[in-house]
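Notes follow the structure.
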Amino acid sequence: MGPLLVWHRGDLRLHDHPALLEALARGPVVGLVVLDPNNLKTTPRRRAWFLENVRALREAYRARGGALWVLEGLPWEKVPEAARRLKAKAVYALTSHTPYGRYRDGRVREALPVPLHLLPAPHLLPPDLPRAYRVYTPFSRLYRGAAPPLPPPEALPKGPEEGEIPREDPGLPLPEPGEEAALAGLRAFLEAKLPRYAEERDRLDGEGGSRLSPYFALGVLSPRLAAWEAERRGGEGARKWVAELLWRDFSYHLLYHFPWMAERPLDPRFQAFPWQEDEALFQAWYEGKTGVPLVDAAMRELHATGFLSNRARMNAAQFAVKHLLLPWKRCEEAFRHLLLDGDRAVNLQGWQWAGGLGVDAAPYFRVFNPVLQGERHDPEGRWLKRWAPEYPSYAPKDPVVDLEEARRRYLRLARDLARG
């Protein structure tokens, strides 16, 4: 019989990989990545980021003497094809809890001539908890600290290599791909920024954060390892940062239990909200031409870099939903495809939270003032000057809507719905 196949999906790494180590304990392995067209229907920047990290994973296999197959096509066709060609004894992978991942894995299992073994992914809390939580705090209280992460294999058995990895022009500079770069970034953050994370995490320029989200989104960096290393250092910064990592798992938990949140608000009252299909307003928001400095700077940075701080994301999202009344789903999708870290579950949770649509305890009547938010979280205006230099301050300049009138309009509509 042949080797065991280790099928990498949202886990483009060798460290802290239960499926890889389980397979290695049972025999020689060959890695596999399937370039799934269902996941590659996105922007060039996101395709390029994914492909460069697949390339880095292949190099990691090679450096340890192993081989990674890369096949292009539908997983329920290509995984069985690889298993047959290699005469594989079984396929190992980490469990996916997304709606598409569960559908995909069911079809692959049906088509495979050998067993498919799915092992738990190293979440901080498993998304498939039997009780469904809609509020973050009781969910987070279940967390008791990170379990020790698993080490990467020192060596991998030799095997045949198959498949080419295409090139894609991202249209913008990308971070250094691969888990070595991710681990180096984690070390740098823990040493230099974690001690002040609690005080600086809300900076609009994102310099108080880790900037590791593009690696987490593809599983290039294990969240369990990240939490473990942060908790070893301790302090308020570590506590706050691990809480943010738990928000990621809360996002997966929500999408697992409420898969329909991808299409409609968690709060059923807001399914009847009168969103405004205004193409001119949508384009003004999307292109960063609203006349509202914080929003314009945020959208321009996102277009230019594929990254945005959490504080800027919340403000850009809430302005679209609450001030402009734009359809939240269209905006969420457009926003996600600009992000290098465009994780569907995380972005859906973020937009429904910012929009007051039922995620967590975020009240619908909370409406950020983008002027005060800018002054508070970029007090010297350096971030604003970099991305929207035509604005001397955070005061609006010929805005597409009057901020106070738009706030009152939204609250009137939302309260009418909330009261039934």
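Don't overthink the numbers, they just go from 1 along the chain as shown.
Yeah, the Cβs are placed from backbone N, Cα and C, and that goes for glycine too.
Model, not experiment: these values are computed from the prediction.
Taken from Swiss-Prot, the feature FAD binding site applies to TYR197, GLY209, SER210, ARG211, LEU212, SER213, TRP241, ARG248, ASN310, ASP341, GLY342, ASP343, supported by experimental evidence. The compositional bias 'Basic and acidic residues' annotation in Swiss-Prot covers 159-170. Per Swiss-Prot, the feature domain 'Photolyase/cryptochrome alpha/beta' maps to 2-124. Feature annotation from Swiss-Prot assigns region 'Disordered' to 147-176. The region 'Interaction with DNA' annotation in Swiss-Prot covers 244-251 and rests on similarity to another entry. What Swiss-Prot records for TRP275, TRP328, TRP351 is site 'Electron transfer via tryptophanyl radical', and it gives similarity to another entry as the kind of evidence.
DSSP assigns TRP275 (site 'Electron transfer via tryptophanyl radical') to coil in the three-state reduction, placing it in neither a helix nor a strand. Remote same-chain residues near the region 'Interaction with DNA' (244-251) are listed as 123-127, 133, 136, 139-140, 143, 201, 216, 223, 226-227, 310, 343, 345-346, 348-350 (criterion: CB distance under 8 Å, separation of at least six residues from the stretch ends). A distance of 35 Å separates the Cα atom of SER210 (FAD binding site) from that of TRP275 (site 'Electron transfer via tryptophanyl radical'). Closest to TRP275 (site 'Electron transfer via tryptophanyl radical') in space, going by CA atoms and restricting to the binding-site residues TYR197, LEU212, GLY342, is GLY342. Residue counts for the region 'Interaction with DNA' (244-251) under DSSP, helix first, then strand, then coil, are 8 helix, 0 strand, 0 coil.
Taking the Cβ of ASN310 (FAD binding site) as reference, residues of its chain lying under 8 Å away and at least six apart in sequence are, in sequence order, ARG201, ASP202, GLY206, GLY209, GLU244. Non-local contacts of LEU212 (FAD binding site) by the CB criterion (under 8 A, 6+ apart in sequence, same chain) comprise ALA182, GLY185, LEU186, PHE189, LEU221, ALA226.
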